[in-house]
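What follows is one structure encoded as structure tokens, with my remarks underneath.
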Number of protein chains: 2
Amino acid sequence: MQAVGIIVEYNPFHNGHAYHLQQAKQQTGADCVIAVMSGHFLQRGEPALVSKWSRTRMALAAGADLVVELPYAFSTQKAETFASGAISILESLHTDFVCFGSENGNIDSFTRTADLLEAHESELSALIQQEMKKGNSYPKAASNAFLQLFTEAPIDLSQPNNVLGMSYVAAIKKQHASIKPYTITRIQSHYHDDSLSSSFISSATSIRKAIFDSSSHGDLSKHMPVSTANELTAYKQAHGQFHHWEHYFPFLKYKLLTTPLYDLQRIYEIEEGIEHRLLSYISSATSFEDFLTNVKTKRYTRTRLQRMCVHLLTNTTKSEMQQADPYIRLLGMSKTGQGYLKTIKKKLSLPIVSTVSQCKLKEIDTDIKATHVYSMPFQEPLRSQFMKQEYTQPPIIWP
Amino acid sequence: MQAVGIIVEYNPFHNGHAYHLQQAKQQTGADCVIAVMSGHFLQRGEPALVSKWSRTRMALAAGADLVVELPYAFSTQKAETFASGAISILESLHTDFVCFGSENGNIDSFTRTADLLEAHESELSALIQQEMKKGNSYPKAASNAFLQLFTEAPIDLSQPNNVLGMSYVAAIKKQHASIKPYTITRIQSHYHDDSLSSSFISSATSIRKAIFDSSSHGDLSKHMPVSTANELTAYKQAHGQFHHWEHYFPFLKYKLLTTPLYDLQRIYEIEEGIEHRLLSYISSATSFEDFLTNVKTKRYTRTRLQRMCVHLLTNTTKSEMQQADPYIRLLGMSKTGQGYLKTIKKKLSLPIVSTVSQCKLKEIDTDIKATHVYSMPFQEPLRSQFMKQEYTQPPIIWP
């Protein structure tokens with residue numbers, strides 16, 4: 001039995017994801033699709049639109065066989081750390097392939113890029129430092145440095161999706177993992193596109209925008225499987241709203257305004273005195289958007305600030321993150337997934353968690369805390385029920 | 001020019017307070033009434049119904065000449081510390097008398113009690129420890145110990161108002177203050193009465209209960225001056241609501257659920273492992289009332305827990321409280337109050353603050369933080385405007 005891994009957020013699941021999932025299975029000839037999916041807080045430093053359980057059902061309905069949570073300590077991080085956690089989990093699950101989407105669909109270009117980066121690590125690192133001293137953000141500095149060093153770069157590292165793909169390949173090399181990287185050509189729509197495409201594939205960004213834009217009356221069901229559309233409708237009905245940074249802003253404000261400087265400095269990603277800048281804008285900010293717009297600089301990008309704010313919101317400290325190791329939290333399984341799990345269960349190199357209430361792993365505390373924070377905008381008793389589910393919910397068995 | 005001090009919370013101001021204020025002035029023959037008033041968080045560990053500015057206007061309208069804030073570090077404390085802060089401030093303002101209400105209206109019985117307590121401090125302290133070991137709360141243990149030691153006690157220390165009065169007298173002794181204590185007989189209504197009286201004097205407790213009880217249609221204006229009733233109506237209109245612990249409960253929950261044990265233990269009043277008990281009930285609690293009911297024990301009274309929760313909410317640490325010194329924050333003045341202040345301004349032993357934005361006193365940080373927390377339930381931009389007022393509002397000049 002062969003397995004292909006995909007690394008996803010599904011925020012929300014859409015037709016592009018369905019295509020990726022099917023192609024990953026088809027092109028690698030795998031029997032089992034394992035999705036490593038970010039939990040409640042995502043790589044761009046945002047709360048997921050709907051809970052991980054709802055997104056797990058979306059994935060299972062679309063054909064995923066095993067859905068595993070990418071823990072907070074990896075899901076809310078820059079590409080390198082995000083990829084490192086996801087690859088560790090897939091490798092521990094003895095996944096044969098990892099398959100990601102890319103513009104050019106050519107895995108060699110990613111492998112060559114990863115080789116180049118490894119061979120010129122110290123020169124590149126020095127160049128990145130130089131670029132950052134000019135006031136550039138890390139992603140911009142890395143991209144500039146890379147272009148200076150390799151005039152004919154095999155892939156365009158100014159594209160976030162390429163950076164992620166490259167990070168998966170680099171993580172495999174670094175971990176000496178036996179998992180084989182594979183890429184399939186993405187069809188239409190770029191990651192950052194923010195208006196709905198007229199075709200049946202649109203970016204998750206544009207779908208989220210349409211969901212929150214009250215003036216948008218476009219039919220979203222065209223852009224996603226029926227199962228996803230139904231899941232979104234059911235979630236909104238049961239929870240009253242989709243999750244949005246603005247719902248968490250009162251808590252971020254409360255946190256910043258009641259925490260002394262020396263405690264703010266213990267928070268992960270709070271560096272270089274940025275806490276002073278955050279404090280000088282927080283009290284007068286009337287919304288998260290207003291706050292970010294004021295705090296943002298060339299060096300501190302929106303994504304970097306959002307991640308920082310997520311760590312502030314969840315009170316995640318530097319020492320907490322340093323100690324974080326990956327683990328396998330099962331969120332959902334098809335029959336095939338269950339069968340696959342049986343064959344590898346005794347050979348797992350990472351601890352596995354089915355139900356939180358029976359788990360003694362210290363790493364899980366950070367994820368429980370993240371779910372506590374994620375549940376904060378709910379009214380009671382919904383909030384308590386939501387948290388109870390976090391403790392007692394076994395993996396979803398599908399169908 | 002002689003001044004009489006009164007120590008108040010005015011939550012809200014009512015006819016009983018008006019009587020006390022007038023009698024304090026009349027009976028002592030003072031020209032100027034100085035009210036030391038708790039800021040946004042009160043002695044029983046509760047947010048004030050309306051802001052300190054609104055309550056300052058109530059006090060000025062009823063004849064107070066100078067309204068000074070009792071800082072958070074004293075207003076949210078047990079009687080001894082509460083009294084110590086208030087007496088320090090009145091003494092620094094060269095107030096001639098302090099006048100409090102009591103059941104028996106006899107100052108000698110308070111002086112004799114304070115003398116007894118001082119003379120038998122160590123025996124009493126040992127007895128209190130014994131009583132607490134039986135599982136009694138501190139107030140109950142102190143009252144029991146006192147009755148054991150002095151079979152014919154001059155005053156009944158099971159009454160909170162008597163404990164406060166006694167604490168004022170004891171603080172004067174301890175600080176060798178020259179201020180003269182004075183007491184007037186309270187008319188009708190006990191502090192803890194929770195149903196509205198049929199006469200024109202009702203307790204603040206019963207008035208607050210009627211305000212929050214939607215089924216109550218009693219006419220509150222009978223129990224308070226017209227100026228207070230108007231002030232309450234205007235506050236509700238401008239802010240949408242009166243402040244209530246339940247509005248702060250989501251923030252308390254967020255705080256408890258995101259703070260590691262060792263940081264909870266740094267919070268003032270978190271002792272004896274109570275943090276474990278708080279954590280074991282917080283996630284499932286659907287309201288503050290529900291939470292308190294579950295956490296409460298014989299030893300941990302409602303008031304003690306509420307104060308603890310206020311410190312948690314404001315993230316007030318043990319070291320922050322140890323370093324707190326009183327200061328004089330002017331909230332409002334009549335012409336008489338301004339005149340009085342001129343005569344004593346050069347002889348003040350404590351620092352004086354008119355406008356926060358011009359103040360460099362480190363003690364004020366705790367009170368600014370308390371106001372930040374107090375403003376949290378407001379929607380934006382109301383919240384930001386409220387905080388702006390905290391920084392820029394000079395003392396209210398009346399009329």
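Note: Cβ is positioned from N, Cα and C throughout, glycine not excepted.
Owing to the predicted nature of the structure, the values given are computational and were not obtained by experimental measurement.
Residues or ranges marked as ATP binding site in TrEMBL: B:7-20, B:G101, B:N161, B:186-187. Take the CB of B:N161 (ATP binding site) and look out to 10 A: across all protein chains shown you find 18 other CB atoms.
The binding-site residues considered are B:Y10, B:F13; of these, B:Y10 has the fewest other C-beta atoms within 10 angstroms of its C-beta. Residue environment of B:I7 (ATP binding site) contains 25 other Cβ atoms, counted within 10 Å of its Cβ in all protein chains. When Cβ neighbours within 10 Å are tallied across all protein chains shown, the highest count among the binding-site residues B:G16, B:Y19 belongs to B:G16. B:Y10 (ATP binding site) falls within neither a helix nor a strand when secondary structure is assigned with DSSP, and so counts as coil.
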